[in-house]
Every structure is written in C-alpha cells, then in structure tokens.
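The next block holds one structure in the form of structure tokens; read it before the comments.
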Amino acid sequence: MTERTLVLIKPDAVARGYVGEILGRIERKGLTISALELRTAPGDIAAAHYAEHEGRPFYPGLLEFITGGPLVAAVLEGPRAIAAFRQLAGGTDPVEKAVPGTIRGDFGLEAQENLVHGSDSVESAEREIALWFPQFAAN
C-alpha cells in the first residue's frame, strides 16, 4: 500500500551540509519525493507541529531550534513510506538508540538536534502534511 509521510530535514542537518546525503538515501530506498521546499519554519506551524510536547521542559528550546534556521520539508510516497523512512532515520537519540547505517546513527550527536523528523503514523502524516503542505491535504 502506498503511503505518504512528512519528512523534515532539520536546521542542524542543513547547517552541517547533509541535505544531499539525506535526500540520496531517501531516493536509494525507493521512496518518491512528491514535494520539497527549503524554508524557515514559521512559529505557528512549528507550534502546531510539536503541539503534543507543549508544557514539557524541552518545548521552548525545541521551537527555538526548529525555527532558528532553514530546514527542508518534504512529502515522501511509497509502499510503507512511514516505516521505511523511520528505518532510514534511526532511533531518536543518535548516540544511544540509532545504529550505524542510519541517518542519525551516522551523523547525529544530540537527541533534540537529531537531523530529521518523520511522521510516526498515518494519522500524524496526514496532520503534518496538512500543516506544511496544505495543497496536499485534500489529495
């Protein structure tokens, strides 16, 4: 079954020059890039994207980080795209949970600045794609 997922190549990955490497891994996995945009995240979209973390101690720093520089937002499509990208990304904590061969395992240093975001479910993907790419929401 073809799925869609939202991927963010976060500001730390952009600043460190990993956009091409990450996009290459996505393409080599066989996922289709349906939308791609380099942008700085507006505060309202960032807050809505991370709303589930509101009130947690790391929330203000997370918003500051994600809005603090350019990022790449993308919609990927393919069979089991959500799980496929999450496998490419690796565990959330790049040092303790991400294995070598994954994006975070190969390039990550910190849990919050962990290079990429990928939707974790079909429901999250639909909500996140509607935030970042409203033109895809009805499709």
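Cβ coordinates are placed from backbone N, Cα and C, and glycine is handled just like the others.
As recorded in Swiss-Prot, the features of this protein are as follows:
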type     : residues                       : note
BINDING  : K10, F58, R86, T92, R104, N114 : ATP binding site
ACT_SITE : H117                           : active site, pros-phosphohistidine intermediate
Assigned conformation of R86 (ATP binding site) - DSSP reduced to three states: helix
Lowest local Cβ density (other Cβ within 10 Å) among binding-site residues: T92, N114: T92
The residue listed as 'active site, pros-phosphohistidine intermediate' and R86 (ATP binding site), Cα-Cα, nearest whole angstrom: 8
R104 (ATP binding site) - helix vs strand vs coil (DSSP): helix
Cα-Cα distance linking H117 (active site, pros-phosphohistidine intermediate) and K10 (ATP binding site), given in Å to the nearest integer: 7
Rounded distance in angstrom between the Cα atoms of T92 (ATP binding site) and the residue listed as 'active site, pros-phosphohistidine intermediate': 9
Inter-residue C-alpha distance, R104 (ATP binding site) and the residue listed as 'active site, pros-phosphohistidine intermediate' (nearest angstrom): 10
Greatest C-beta neighbour count within 10 angstroms, which of the binding-site residues K10, R86: K10
Rounded inter-Cα distance in Å - F58 (ATP binding site), H117 (active site, pros-phosphohistidine intermediate): 16
Winner by Cβ contact number (other Cβ atoms within 10 Å) across the recorded positions R104, H117: R104
For ATP: widest Cα to Cα gap among K10, F58, R86, T92, R104, N114 in Å: 22
